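Q: Please see the structure below; I have some questions.
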Amino acid sequence: MNKLSVVILAAGKGTRMYSDLPKVLHKIAGKPMVKHVIDTAKKLSAAQIHLIYGHGADLLKQHLADEPVNWVFQSEQLGTGHAMQQAAPFFQDDENIVMLYGDVPLISKETLECLISQKPENGIALLTVNLDNPTGYGRVIRENGTVTAIVEQKDANPEQLKITEVNTGVMVSDGASFRKWLARLDNNNAQGEYYMTDVIGLANQDGLKVVAVQAKDLMEVEGVNNRLQLANLERHFQRKQVEKLLLAGVTFADPARFDLRGELTHGKDVEIDINVIIEGTVRLGNNVFIGAGCVLKNCTIADNVEIKPYSVIEDAIVGNNAKIGPFSRLRPGAELSENTHVGNFVEIKKAQIGKGSKVNHLSYIGDAEVGHHCNIGAGVITCNYDGANKFKTLIGDNVFVGSDSQLVAPLTIASGATIGAGTTVTKDVQENELVITRVPQRHISNWQRPKRK
């Protein structure tokens, strides 16, 4: 039986989160918890992913619109068994069904593969964990290695309370067996709900085997009910990411002060200072230094690049030997060639900066092409927007643009041109021309400053 489908329970409200956002949409590492679980299901090559939803239906569908899930509505939240009953009509007899939870985001593909491999024919494989303090959790009762029951804390006798192995709620069985047991569930309990733990007893009644597989990492099966638990899982996840990067050769000034909210690939001798955030897909070359407080999102950084503190780079490409920052911003579409310098309080948007060119201070370069070996002075602005449309500025090679100049697009400045400081350029400039529109300087001798009356 190789076919596999996954059911993800995500209908709960999450009252203890004190939020209008459904609990499963709260984020770990910049991604909704339920999206972590969906991604893990994809890694298992699940034929179908059934998502049980209820509270916050519109928000869930909005956030997960692109996900390949079968939406299964649970109008009332009447327990885990009731949630599985909603998905049961979609189960095929000959497929394995894995039951997961949208608020248990760190469950791994490897743990689930181990669980699936241990499932007995027509029986159940149940994921469990040992806790130093199992108070409040359902105890796993075994006889001769087989799980015979899950006993809740309030129903356990003194001997059962000594058991430290508890139920995580994650289980796998075949579709036919699940449908059979789900049809036999009842809600004869104090809460009036249908519980999946009762399936264990039903399997035993049918003479079928229930095996327990213990999770190696407690945090994989930790659920989230409040923001403290969310924060604890966030820190655990970040520690695991940093450990992998450290072992792969990345240097961190302080591993506890780094956040990875996506995917990071890197070359050799990469050094990352404190409070750096990586989002989306980021690729770093060799000998890259990232200063304190930088944010990088969906960008490619080549070899020998220095990114000084508090720079923000998004959807951009940076060439070899570039220097960026401090306090630089590269917006989507920014492309820096090799040996470029972009300095403090410079913003580059949808613009290409040629080899060896410098934009060192207090400038905005948008919708532009800057040639090789240009010098863009402090306070230069490409005026690319007329209130309705965007226009482009084209600058050739070896151009010098003096400080506090405005380049009003559409505009072409040919190679070798010089723009004097304080110039507003509104017409195209030819090769090797000097353009200056500065008001003539006046000197007034013996000037008396106004005095207060």
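Cβ atoms are placed via backbone N, Cα and C, with glycine included.
Pulled the feature table from Swiss-Prot, pasting it below:
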ACT_SITE  His361  active site, proton acceptor
BINDING   9-12, Lys23, Gln74, 79-80, 101-103, Gly138, Glu152, Asn167, Asn225, Arg331, Lys349, Tyr364, Asn375  UDP-N-acetyl-alpha-D-glucosamine binding site
BINDING   Asp103, Asn225  Mg(2+) binding site
BINDING   Ala378, Asn384, Tyr385, Ser403, Ala421, Arg438  acetyl-CoA binding site
REGION    1-227  region 'Pyrophosphorylase'
REGION    228-248  region 'Linker'
REGION    249-453  region 'N-acetyltransferase'
Q: For the region 'Linker' (228-248), what are the same-chain contacts with Cβ under 8 Å, counting residues 6+ beyond its ends?
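A: Here the qualifying positions are 17, 26, 28-29, 105-106, 219, 222, 255-256, 258-260, 264, 266.
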Q: I'd like to know which of the binding-site residues Asn225, Asn375, Asn384, Ser403 has the most other Cβ atoms within 10 Å of its Cβ.
A: Asn384
Q: Starting from the Cβ of Asp103 (Mg(2+) binding site), draw a 10 Å sphere and report how many other Cβ atoms land inside it.
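A: Excluding its own Cβ, the number within 10 Å is 24.
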Q: Taking Leu9, Ala378, Ala421 as the binding-site residues to compare, which has the smallest set of other Cβ atoms within 10 Å?
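A: Sparsest of the binding-site residues Leu9, Ala378, Ala421 by Cβ contacts within 10 Å: Ala421.
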Q: By a simple count, how many Cβ atoms lie within 10 Å of the Cβ of Arg438 (acetyl-CoA binding site), its own Cβ left out?
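A: There are 13 such Cβ atoms around Arg438 (acetyl-CoA binding site).
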Q: How many other Cβ atoms sit within 10 Å of the Cβ of Glu152 (UDP-N-acetyl-alpha-D-glucosamine binding site)?
A: 15
Q: Roughly how many angstrom lie between the C-alpha atoms of Asn225 (Mg(2+) binding site) and Glu152 (UDP-N-acetyl-alpha-D-glucosamine binding site)?
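A: That comes out at 19 Å between the alpha carbons.
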Q: I need the CA-to-CA distance for Ala421 (acetyl-CoA binding site) versus Asn375 (UDP-N-acetyl-alpha-D-glucosamine binding site), whole Å please.
A: 12
Q: Hey, how far is Arg331 (UDP-N-acetyl-alpha-D-glucosamine binding site) from Tyr385 (acetyl-CoA binding site), Cα to Cα, in Å?
A: 16
Q: Rounded to the nearest angstrom, how far is the Cα of Tyr385 (acetyl-CoA binding site) from the Cα of Leu9 (UDP-N-acetyl-alpha-D-glucosamine binding site)?
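A: On Cα coordinates alone, these residues lie 49 Å apart.
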Q: Between Tyr385 (acetyl-CoA binding site) and His361 (active site, proton acceptor), find the distance joining the two CA atoms and give it rounded to the nearest Å.
A: 21
Q: Gly12, Gly79, Gly102: which of these binding-site residues has the highest Cβ count within 10 Å of its own Cβ?
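A: By the 10 Å Cβ neighbour count, Gly102 comes out on top.
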Q: Who sits close to the residue listed as 'active site, proton acceptor': which same-chain residues at least 6 apart have their Cβ under 8 Å from its Cβ?
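A: Set apart from the residue listed as 'active site, proton acceptor' by at least 6 residues yet with Cβ under 8 Å, we have Gly343, Asn344, Phe345, Val346, Gly377, Ala378, Gly379.
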